[in-house]
Structure formats: structure tokens, C-alpha cells
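Undergrad: Structure below; questions to follow.
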Amino acid sequence: MEDERGREHGGDAAQQKTPRPECEESRPLSVEKKQRCRLDGKDTDGSKFITSNGGDFSDPVYKEIAMTNGCINRMSKEELRAKLSEFKLETRGVKDVLKKRLKNYYKKQKLMLKESNAVDSYYDYICIIDFEATCEEGNPAEFLHEIIEFPVVLLNTHSLEIEDTFQQYVRPEVNSQLSEFCIGLTGITQDQVDRADAFPQVLKKVIEWMKSKELGTKYKYCILTDGSWDMSKFLNIQCQLSRLKYPSFAKKWINIRKSYGNFYKVPRSQTKLTIMLEKLGMDYDGRPHSGLDDSKNIARIAVRMLQDGCELRINEKLHGGQLMSVSSSLPVEGAPAPQMPHSRK
């Protein structure tokens, strides 16, 4: 769900020689030098840039990467698209996204040449979850949100394909009658939730489905959400209402809004689902506030970010019932194998 209800969420490249950028300095001008940089022999206008040659980045490959980045920074949007097209990369998106995409392509190629045996740091699978919950217009503070749609989209990070999906509606028990606002927003009808199972039964089905995919046993995986509220609020409250302990597999997750903002260097205000799609050159596919459709669109953003060179990592967790950030510098870890949580006493 997004924030209309007043909340935050609502070929083997290593075998190829990477083109090395060349910079030719012209004669010095009065104060500063000017350069003409070339990517694959094609000129782009530019001015002087400075690189560091100390510390861990003293290896020549990092100097090459810095030179390449300087050239890319001075390319026009048309030049960026032409270069991306040449490498058969996605050409949609705003200029800053295109620059980031091209920079990460060159960086990845150069580092692969430097360390041909580099280990893939991604999870095998990412489970995208975007709950829909009961709601009322104005989002009153005392209202208890109950999950009414539990979708899961299984994204294979190696093939970058959606491998499978799960979806079940959930029968609310505290506020069993959906508000007209909720029906209009989510498209979920009273009849659909009346005929659905209660949350504990649906959670059991979700866990059985995840086990059938060998998540946490054969394959490393993690949860990904669009914001913090799905896990820290909706699932947390629902487990309390259903007298269940919070499931261990959902205690840590990737908040894609944080990942997107940090990777593309954009403010929090530009990390809403529809804005992220727009900035990446994509349109929303499906019905907004359908949990399954939202999850599929979030998966599309995750795929584009992985293609652009982002290492999606767990960045949030629930600890002692409190939402906390997780440092991106920590080693990549997967979620534990899913197990049905015990009942609360």
C-alpha cells in the first residue's frame, strides 16, 4: 500500500576487454585546464576533474573508473542513450539514472577484469511483499489496520525474472466490515474477504509455499518491501491481533525506498512507487493498491536497480518490536527458513 492513507509506504562480460577512456589535455588556460574525454574514441566536452590516488583506491583500475565517470558526467542525454544502446542496455529513464546506469556498467566490467573470480553477492531470491490492509478515510490514529491481502512475488536475482507469485485474501476479525473508502482504494470487496481464511491460516499457506521453493534451505533469500510499514506496522500489528509471535523470516528486510534513494542519490520525496517507476522510464502496470500488482511493479524496480549495478541489501529490521536501520556495510545475510510462529501466551 502507498501513502494516500497518510503513511510512508502506502554474453560473458568478463571475457571482453572493456573500452578504456582516453583524456587529452589541451594547452593550459588562464586558471584551469580543460579536457576532452573520449569513451571508445568518441569525444565529449568536459572540464577538469580530480581523482584521489591514496588508500584502498590506489589501484589503477579505480583511476580508470574515476576517469570514465568524469567523461560520463559531461555527456548529454542523447550521448548517454547512444552509449547505453551500443551496450544493449536499457535507455529509458531521466538523465541522472542514465548516467548511473552507464557508470555502473563500466565499473562492473573493469572490476570483473580485475577480479575475474569475484563472488556474486546477491541473494538467490527476493520475496517482494506489499500488504493491503483495512483502512478508513483520514487514517485515524486509533484505527487498527488488519491485513486483507497477502501477496508474495518471487524474484530470481540470477535470471531477473519473476519466477512465481502467491496471493490470498484475508478475513479481518476486529473490523470485519470494510469501509467504502477501503473498497474503493484497494478494489477488494466485502464478499472476497468474507470468503477468505483468517490470517493464521493464510500465513501457514504462505510459509508452505515458501518452503516448496526451498527458500532458506537450498536458496538464500530475503524480503523486500516498498517502505517500512508492511513489516514494522501491518505484520507486527496483525500478529498481535492474531496472537502469534512475529515470524523470524520477516524480522529483516530490504526497504527499496531507502535503497533507491541511496543508489540514485535522490531525496525521500522522490521514492514513492509511481515516482520511482517514472524516473526509471516505466509506467505502472496493473491496478494501483492491488497488493499483487503493487508487488509486481516493485519487483520491476528491483530488477532495474540490479541491472544498473545496485547491490540490494537488508537495510531495516524489527528488534524488540522497534523499527531499526541495518548498516549496508554488514555482510550479506539471508533470511532463515520460514517456520510457522508459535502462539502468544
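The backbone N, Cα and C atoms fix where each Cβ goes, and this holds for glycine too.
Positions annotated as phosphoserine by Swiss-Prot: S58. The feature domain 'Exonuclease' is assigned by Swiss-Prot to 126-302, with sequence analysis given as support. The annotation Mg(2+) 2 binding site is assigned in Swiss-Prot to D130, D230. As annotated by Swiss-Prot, Mg(2+) 1 binding site applies to D130, E132, D294. The active site, proton acceptor feature in Swiss-Prot is assigned to E132, H289.
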Undergrad: Tell me the coarse DSSP state (helix, strand, coil) of D230 (Mg(2+) 2 binding site).
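TA: It is helical.
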Undergrad: Between H289 (active site, proton acceptor) and D130 (Mg(2+) 2 binding site), how many Å separate their Cα atoms?
TA: 9
Undergrad: Between D294 (Mg(2+) 1 binding site) and D130 (Mg(2+) 2 binding site), how far is it from one CA atom to the other, in Å?
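TA: The Cα atom of D294 (Mg(2+) 1 binding site) is 7 Å away from the Cα atom of D130 (Mg(2+) 2 binding site).
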